[in-house]
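First the structure, in the form of structure tokens, and then the observations on it.
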Amino acid sequence: MLSSIAFTIISIASTSFTILITLPIIIILYIRLHRERVTVILLSTNTYMGLLTFSIILLSTNINVLRADLSETSLVNTGGLTACQLLGFLVYERFGCCYSSFVLQALSRLLKVLYPKGTILQSFTFNLVCIVIQWIVCFLLLLPSYIWRDLFYSLYELDYYCGIRYERLFYLWYVIFNIYVLPLTYMAMIYIRLMYHIRRGNLQLLQTQRGRSAQRNYVVIRRILCTMTVLALAGLPNVGLAILAYIKPNLSGYYYMYRIQWMVPAITMCTISIVLVFITPQLKKVIMNAERLDKQVMPT
């Protein structure tokens, strides 16, 4: 009982901290976008909006779980099962939208390197349209799981919230593939192409003794590897637990599986909300100058 509550409290603390971080950053970025249309800031705002909405929904779910833990009875009755399933669907959908936002960032970086002189593909309007399409596609990809929600989302009797049981591998892998595997695959393909281009360019730079530019490109590669590592870690526990449930179906639900299911992503999203500021120079500059920008925006 105490261990279950501990996992829930960790998730609540992580999501609460993420909200406290992302909300001020979104406000700062919105002020900057109001003054100047910058594509990098637009894409960063999209990512932080994904982090914020995911954290809010997961926090709401975990608060319900904690209340049920303390009362030792499920707060989901027959009439509330649909709402519980909706929350379960939205948690998965928002998680996938977060990852898709990183795909857009990766694609933008690649286009910027391949077409340094600028094209319509790097324009603010084009990227805004891509963001709208991204949110729609993320929703539509998982919509079948909600249409047939009774097959996908069920109440965890001992954990008091709705999700996909590990023994339902077909349904679980359908969702994992769309919200985790596909975005990571797209990012890996884009970044491999980007690193290949940077590596080839560095050889030319070293031959012309432009070491500073080459070093700057290596910094970009380190940032890419850092981002990919953090994002990959978020889903590894779920993949491992799904494999364990496949090998030994009788273990499904044991060892706090369903508490760990979203605790690790909650911690990861909290981490990435901080890391993004330090690995995105333009974003870091905007955050550091937030106080000065506020003074310029406020009327005198």
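Backbone N, Cα and C atoms are what each Cβ position is placed from, and that goes for glycine too.
As recorded in TrEMBL:
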TRANSMEM  6-31  transmembrane segment
DOMAIN    24-288  domain 'G-protein coupled receptors family 1 profile'
TRANSMEM  38-60  transmembrane segment
TRANSMEM  80-104  transmembrane segment
TRANSMEM  124-148  transmembrane segment
TRANSMEM  168-192  transmembrane segment
TRANSMEM  224-247  transmembrane segment
TRANSMEM  259-279  transmembrane segment
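Between the transmembrane segment (38-60) and the stretches 6-31, 124-148, 168-192, 224-247, 259-279, it is 6-31 that has the most C-beta pairs under 8 angstroms. Recorded stretches compared: 6-31, 124-148, 168-192; the one with the most Cβ pairs under 8 Å to the transmembrane segment (259-279) is 6-31.
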